[in-house]
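Q: So that we are looking at the same thing, I have put the structure below in structure tokens.
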Amino acid sequence: MTTPLSRIRNFSIIAHIDHGKSTLADRLIQFTGGLTEREMSAQVLDNMDIEKERGITIKAQTVRLSYTAKDGETYQLNLMDTPGHVDFAYEVSRSLAACEGALLVVDAAQGVEAQTLANVYQSIEHDHEIVPVINKIDLPAADVDKVKAEIEDIIGLPADDAVLASAKAGIGIEETLEAIVARIPPPRGDAAAPLVAMLVDSWYDPYLGVVILVRVVDGVLKKGQQIKFMQAGTTHLIDRVGCFTPKRTDLVEIGPGEIGFITAQIKDVAQARVGDTVTDAKKPAAAPLPGFKEVQPVVFCGLFPTDANDFEKLRESIQKLRLNDASFSFEMESSAALGFGFRCGFLGLLHLEIIQERLTREYDLDLITTAPSVVYKLKLSHTKNEAAKEVELHNPADMPDPNRIDEIEEPWIEAVIYVPDEYLGPILKLCQDRRGVQKNLTYVGGRAQITYELPLNEVVFDFYDRLKSISRGYASFDYHQIGHRPGDLVKMSILVNNEPVDALSMIVHRGSAESRGRGMCERLKDLIPRHMFKIPIQAAIGGKVIARETIAALRKDVTAKCYGGDATRKKKLLEKQKEGKKRMREYGNVNIPQEAFIAALRMGDDG
């Protein structure tokens, strides 16, 4: 039997990294008896080691809690634990769409941060009831009144009735549960209407196939029902219905307003796309739910094994990861310098780092990552054999003939940065250096909120690291894409001994090409070992060399065996050596060690 709508509450928790979101979720589970003391572990909802270590949530998780409130009624509380990071913004928007309210968790010592804001605004767009929870009130540095003022000034939410809590110490947990019941509205829905359910998330389970997280809007989901995904157009037979408490629990059915999971013998996560609408195959709904969009990769980079024999292992590992992450795309590529590998697409830099870290950690692979690049749009003029067309460029090495390119467009983002006043100057300079356009600057209680428009290309490298180091870790940063704009961009190639090295080519702005090229050449000069002949290292745009360094040759003393005698004998030996070196320079291969590549790519943006 499904729970009456009036006794269901669906809510998510919005918080910046490290503000105590997962700990609060743990305490709510513990208080309502979802797990016994023995089963309780820190960060129950974060399954991956990386999630626990970095203190971030990557995949959305859901827990159904049963809570008997002070009014004597027993309520079904569905907690959606959502990712907090900008790379997973679309997953967050779908998770929020499945709820009617949200707990806004703010650290009593840190105050409101940029990422919190982005998710709060999304929550407000979904007409959510937002309950502020000020966490970590037992810290010595906690300043509750200041944080209340920030919530009111920055977000515009009344904070006088905010719940004061310390998830770690277990303070304010019951008050939080009572606030959820009293302030978050129950869902609306009709059990008799045709089935409409939103696909909130999906992941691969080796025993059950793809497990699909759904929020039922209208109708009822039952075992043995034939369902249809409206966007993908595929039909499936449900073989299991249930919920997480957080243990997997099988149910007979899931009704309107409820959140649960279904499995249907699906083998590929790509078929179960986040945001799709699930309906009955025999009596389908009239229209899918709004807001669905295809997730497009934003950042691309090449992944190569350091040992060529690991290529098959890398292929298998990437395919396994893809089972759980449909937003991650890959295709095979080969490079003269690095051998065989894959060109992979990611939602953003954190996504790239996580995939890379999971490959090295879970699959024990040693990887080289080429410089990340973004998606450029090229307008090509017509030729004798081809009409004019627009193409997307994911890999700088595939850049067509510059004479055919009429215009290159690059993606831009709008970034919101929060920073304490004393670090404002250096941060503004950093944004200016990255071709940023300042849009707004406001002050809120000792902190500045800066809005900048920046090219994504300039942010992709190490913008976030530089931002953190300049502000000693106090700045927080959030961004969203605002479309493509034309730019004066050129492809910079690196030539070692007059041979282009494809893995090091990159697309740069013409204004910064020279300094980037010079930096790269200087670095390679330090990294490549000396050979028996001299090696030129050049950075070039088209046919024009913009920077050059030369690695001097090692010298072998060929005249050492001559004692006295005629000077022409020595001359002859030196001439012969000169000839040999000339021939070596023409035919000799320069051995670029793997470490040189890794260091050059890692340092890709200091030039």
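Backbone N, Cα and C define each Cβ position, glycine as well.
Annotation comment: Swiss-Prot describes 6-188 as domain 'tr-type G'. Taken from Swiss-Prot, the feature GTP binding site applies to Asp18, His19, Gly20, Lys21, Ser22, Thr23, Asn135, Lys136, Ile137, Asp138.
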Q: Going by DSSP, is Ser22 (GTP binding site) sitting in a helix, a strand, or coil?
A: helix
Q: Determine the most Cβ-crowded residue among the binding-site residues Gly20, Ser22, Asn135, Ile137, using a 10 Å radius around each Cβ and all protein chains in the structure.
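A: The residue with the densest Cβ neighbourhood is Asn135.
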Q: What average pLDDT is reported by the model for the domain 'tr-type G' (6-188)?
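A: A mean pLDDT of 74 is what the predicted model shows over the domain 'tr-type G' (6-188).
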Q: Can you see whether DSSP assigns Asn135 (GTP binding site) to helix, strand or coil?
A: strand
